[in-house]
Amino acid sequence: MSEKYKNGGHPNGDYPMETFSGEDDDRTTDFTSDENKDRGNWSGRMDFLLSCLGYAVGLGNVWRFPYLCYKNGGAAFFIPYCIMLGIVGIPIFFLELSLGQFTSRGIFNCWQFAPMFKGIGVAMFIVSLLVGIYYNMIVGWSIYYLCASFTSKLPWSECGDWSSEWCSENVKDLNATQCVAPLTYNDTTTVCYNGSTVYGVVDTTVAETFGMKKIIPSEDYMNRAVLGTAFSEGIHDLGPLNWRLCLCLLGAWLIVFFSLIKGIKSSGKVVYFTALFPYVVLIILLGWGLTLDGYFDGIRFYILEADLNKLKEAQVWKDAAVQIFFSLSASWGGLITLASYNRFHNDCLRDSLIVSIGNCLTSFFAGFVIFSYLGFLAKELGTTVAKVATSGPGLAFVVYPDAVTRMPVSPLWAILFFIMLITLGLDSQFAMLETLTTAVIDQWPDALRKRKSFVIGGFSLIMFGLGLPMCTNGGIYILELMDTYSGGWNVLIIALAECISIAWIYGFTRFREDIRTMIGNFGCNCFPWTCCSFWWIGCWAILTPLGVLFILFFSWIEYKPITSGDYIYPVWAEAIGWCMTLSVVLGLFVTMFVMFCITPGSFMERMSYLTNPTREWGPALVQHRRKIKHVPGFVVDPSSDSTPYDDQYPNKEFGGSYPATNYNDIQVDVDNGVTNTAYEP
């Protein structure tokens, strides 16, 4: 090492050494003003934490995890769940928060450590766009149910004018001797008719084999009065727009728009309600649920009947990994975006652990709430918990609404539940729209930063228009198609690319020092970063990629054509789904190819430029860039003609020659080779 550097000189100028010392750095955080005057920062420490928690804790925590838990061995499911949390969930969560906070840039511009991987940001953009289109439709459904709940008697509590002939209250339980003239009895189906109208059923088991079964009022209400699914034969038969659903979807987008109209300054305050209110409702619902007859049957079914033999099944491990990965909303771009508005010295390790663990505990707690009501419903219907347990929209809009109709003051419980669903959905929607707008604004800051409200409004209007087909009778088929294909295994490829780019191209040693520059030598104010960093390096370089590959390959092996209940999607619809999936993958790899094509120079020169940091790589502010001394060729002030490290020191001192940092002046010493070896002072 040169004497100048040892004595305190910085390769980019004659700054004293203590200016760059992590030990002597002032890490106090001032929330009275923005640290980054151009982009802005969160107004308070809890703004970011609650935004992250709200983004991670979504509808899946309530309607998917409890079902997976009982299906995969009860309490035994927590063993693979916690293992996958440790090696897949938290490492990717921490990686994305660190990257966003270090660069203070959105998903298009945070990959300047290796420009070739800008396609990761493009892929994230496409995922957030596709998911954001249909996700707000679920919020719209919840708004519809919420409005319908403001009544003295819930409309789905009994069959009404909207119901079908198979609505349970319209179909009597009979024996064969009761079905006499003028009634007509069908010996094959055991169904009794009054003219052409169903009057009753003698043997429900036989009738169900012919597709004839009673429908509880809440299911009939959803299919006929709300969604209109009963009037559609499939995705090829969408039917007319339902103006009520259109208004609810418009209402959902208006809430999102006005909550984000001032960016994080407004959304950071809204999340104090939207992120915390679901917990208030869950606690209230659990307190009441534990007073219901049959609650213990549900809880025993959910968690107490542990089946350790389930751990021998690969499917259980796959379900645990998938649930962890997608419940944390990893690799969608939202985490990078939210963290990009942090102050530079925020403890992102602490926040990663709090949100990741808090998200999983929320799922666990929600299971007690849901299954206490499922136990009650099973008792009321005289059946088993297994027969009423379900997941997805069926749980939120059929099973639970049916349960509340059997409780005193049922409208109150329905109102609380649907407000909870709305707030759970809105938090995730906030982050997805913020991801899209931040990416575009950071790409063209001079033209768009002062017009952020118009950008948000433009995205809201476009996505509202694209969501209108889901307001038709066959809209649910579109929604389920998008849900299956827009954010599935393609997101796993994004996660794999993230790990490879950070750990193997940029170098995990450099990234470790980047994080040390932000959080100091003690993460969470107690863990020595030098020691615990080896765990994160091991995850990013080996364990997490292997875990992601496991999920990816298993998803391919277990792939089955999409269905919706008994409905089988046509081949052309499945092809559209695959186009959505491949659009994300192509966004990643086509961008790589385009970047390679537009970069001048020979093959080696192009690869060298595209896999090494550009002059813009690093923190957004010069005051923080001055602390970076572990990246060869680093430029303190990219807006000036700062001299990079390797122009002041011999190439051999940094393990090889490094490329210049603009497209028109690429200098690569091909004879000596190019290395990504991190320089450690």
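Using the three backbone atoms N, Cα and C, a Cβ is placed for every residue, glycine included.
Bear in mind that the values here come from a model prediction, so they are computed numbers and not experimental data.
For Cys159, the disulfide partner named by TrEMBL among Cys147, Cys167 is Cys167. Shown are the binding-site residues Ser327, Ser428; of these, the residue with the fewest other Cβ atoms within 10 Å is Ser327. Nearest neighbour of Cys159 (disulfide bond) by Cα distance, taken over the binding-site residues Ser327, Leu424, Ser428: Leu424. Reported as a whole number, the C-alpha separation between Val57 (Na(+) binding site) and Cys167 (disulfide bond) equals 35 Å. In sequence order, Cys159, Lys214, Ile215, Pro217, Asp220 constitute the residues six or more apart from Cys167 (disulfide bond) in its chain with CB-CB distances below 8 Å. In sequence order, Leu53, Tyr55, Gly58, Gly60, Ser329, Thr362 are the same-chain residues whose CB sits within 8 A of the CB centroid of Gly54, Ala56, Val57, Asn61, Ser327, Asn359, Leu424, Asp427, Ser428, the residues recorded for Na(+) being left out.
Stretch with the largest number of CB pairs closer than 8 A to the transmembrane segment (454-479), among 120-146, 270-290, 412-433, 529-555: 120-146. The transmembrane segment (529-555) and the transmembrane segment (575-598) are not in contact, since fewer than 3 Cβ pairs between them lie under 8 Å (pairs 6 or more apart in sequence).
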